[in-house]
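Asker: Before I ask anything, here is the structure I am working with.
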Amino acid sequence: MLSASRKLNNQQFLKTIRNMTTFRSEFDTFGEVKVNDEKYWGAQTQRSLENFDIGGESEKMPLMVVRSFGILKRCAAIVNKKYGLDATIADNIAKAATEVVEGKLDDQFPLVVFQTGSGTQSNMNANEVISNRAIELMTGKRDFSKKLVHPNDHVNKSQSSNDTFPTCMHIAAAISINEKLVPALEMLLAAMRTKQNEFNHIIKIGRTHLQDATPLTLGQEFSGYCTQIEYGIQRIKDTLPRLYNLAQGGTAVGTGLNTPVGFDVDIASEVAKFTGLPFKTAPNKFEALAAHDAMVEVSGALNTVAVSLMKIANDIRFLGSGPRCGLGELILPENEPGSSIMPGKVNPTQCEAMTMVCAQVMGNNTTVSIAGSNGHFELNVFKPVIIKNVLSSIRLIADASVSFTKHCVVGIKADEKRIDQLLHESLMLVTALNPYIGYDKAAKAAKKAHKEKTTLKEACLSLGFTTSEEFDKWVDPSKMIGSMK
């Protein structure tokens with residue numbers, strides 16, 4: 001009932017707004033469409049808005065894709081000018097497109113991800129907005145006649161949605177990785193390195209199979225986390241060469257129909273110049289339109305990073321469990337109250353947030369994998385959902401890494417007293433006796449100590465396996481940590 005009531009209220013609200021708003025008539029090949037007079041978009045955007053009412057605000061096309069369309073249309077205007085497009089038209093298209101890049105026209109891009117799988121409506125959204133804004137820049141007034149600047153003939157000149165959308169996918173992902181993700185992971189890595197060095201002298205008990213194992217230093221444990229993050233950064237960077245290949249110039253099916261020779265090379269060069277990233281034309285446009293293996297590869301690398309961060313965050317929160325009845329080897333920063341019923345309780349919230357992010361990224365990767373596998377013949381038609389999920393994963397990992405660094409990692413402290421207590425209570429120190437009394441006797445001593453709840457030393461002395469001096473000499477945790485840093 002509540003849902004139905006809200007829906008009715010929304011409908012009444014929209015009806016009221018319509019009554020207050022003036023509309024103009026726009027026309028496309030399907031006929032007349034009414035468009036809000038305050039909007040720059042045209043008939044095709046309006047049809048998409050009405051035909052794909054799916055998901056609402058939360059499912060709108062990511063702004064990075066919108067901004068990437070601005071980059072692409074600006075660069076296309078510059079290149080088309082070289083190939084004969086009227087200079088005044090080209091220059092004003094470029095100016096309008098630059099406003100898209102700068103975010104000045106964000107409210108003119110209302111479409112959701114769940115539309116045509118080629119992203120055609122979003123491409124036309126960009127074409128319509130840029131053409132109408134370009135006319136306004138030329139004349140000083142709004143004119144929706146399309147006579148001075150046409151969305152298809154001018155803004156979309158030498159282009160197809162089938163090559164513009166995948167090009168924008170690559171631009172958006174590459175910029176996001178370079179400007180947001182890599183710096184965030186490098187920040188996390190630096191903080192982890194600091195902790196590794198800080199903890200290098202602290203000898204603790206290791207754990208395998210969730211059971212006590214032989215000693216290592218806390219710094220060595222953190223060095224493993226550092227290497228996971230370092231490899232993750234490298235994996236992400238290793239995907240970039242394929243992302244820098246742009247589909248633009250393939251037009252409808254990859255043949256380059258209706259584009260001048262050299263257009264593909266020139267526009268990739270212009271995009272590279274504008275972004276400062278080494279974009280180049282894709283060597284095979286058929287692959288660039290029909291498959292999105294490069295995006296699947298990126299998503300796979302993001303998934304691997306999520307797997308690493310899940311392990312790291314879980315280890316840290318388990319090592320910080322307590323404060324009285326857990327492992328308690330790490331003291332985590334206390335950022336906020338943890339319970340509405342248990343006074344004084346504090347939880348490892350940054351670790352929990354990170355692990356939830358990792359779970360989401362793993363889910364995103366499943367979506368991208370399925371979508372990437374659905375390239376049929378000359379075109380993959382899952383493009384919008386692929387880029388939505390890739391950008392979501394990039395943003396989530398980047399934001400979570402910064403948050404985890406600032407509010408958790410930099411403030412982690414070691415409880416050296418607790419660590420030393422657990423170290424000397426561990427029966428796995430018996431491993432150091434193997435070379436002196438043999439595996440079988442060492443195992444017998446460990447089992448006796450565990451069963452009788454005595455120390456390992458007491459068990460060895462009781463069994464006559466070692467003297468007190470021999471035990472102290474042979475069972476020295478500082479000699480059991482190896483030379484690995």
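Every residue, even glycine, has its Cβ placed from backbone N, Cα and C.
According to Swiss-Prot, the transit peptide annotation covers 1-19, on the basis of sequence analysis. Summarising the annotation, Swiss-Prot assigns substrate binding site to 118-120, 150-153, 160-162, Thr208, Ser340, 345-347 and lists similarity to another entry as the type of evidence. Positions annotated as active site, proton donor/acceptor by Swiss-Prot: His209. Taken from Swiss-Prot, the feature active site applies to Ser339, supported by similarity to another entry. Annotated site 'Important for catalytic activity' per Swiss-Prot: Glu352, in sequence order.
Could you place the listed features in the three-dimensional structure?
Answerer: Of all Cβ atoms in the shown protein chains, 13 besides its own fall within 10 Å of the Cβ of Asp153 (substrate binding site).
Taking the Cβ of His209 (active site, proton donor/acceptor) as centre and 10 Å as the limit, one finds 6 other Cβ atoms among all the protein chains shown. In the three-state DSSP scheme, His209 (active site, proton donor/acceptor) is classed as coil.
Just so you know, the Cβ of Ser339 (active site) picks up 10 other Cβ atoms within 10 Å once every protein chain is counted.
Neighbour list (Glu352 (site 'Important for catalytic activity'), Cβ cut-off 8 Å, at least 6 residues apart, same chain): Arg317.
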Asker: How long is the line from the C-alpha of Ser339 (active site) to the C-alpha of Asn347 (substrate binding site), rounded to the nearest angstrom?
Answerer: 8
Asker: Which state, by DSSP, holds Ser339 (active site): helix, strand or coil?
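Answerer: In the DSSP reduction, Ser339 (active site) maps to coil.
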Asker: Could you check which of the binding-site residues Ser118, Asp153, Ser161, Lys345 is the closest Cα neighbour of His209 (active site, proton donor/acceptor)?
Answerer: Lys345
Asker: For a quick check of packing: other C-beta atoms within 10 Å of the C-beta of Ser118 (substrate binding site), how many?
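Answerer: The answer is 23.
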Asker: Any idea which of the binding-site residues Thr120, Thr208, Asn347 has the thinnest Cβ neighbourhood at 10 Å?
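Answerer: Result for the binding-site residues Thr120, Thr208, Asn347: minimum number of other Cβ atoms within 10 Å at Thr208.
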Asker: If you draw a 10 Å sphere around the Cβ of Lys345 (substrate binding site), how many other Cβ atoms fall inside it, taking every protein chain shown into account?
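Answerer: If we count other Cβ atoms within 10 Å of Lys345 (substrate binding site), we arrive at 11.
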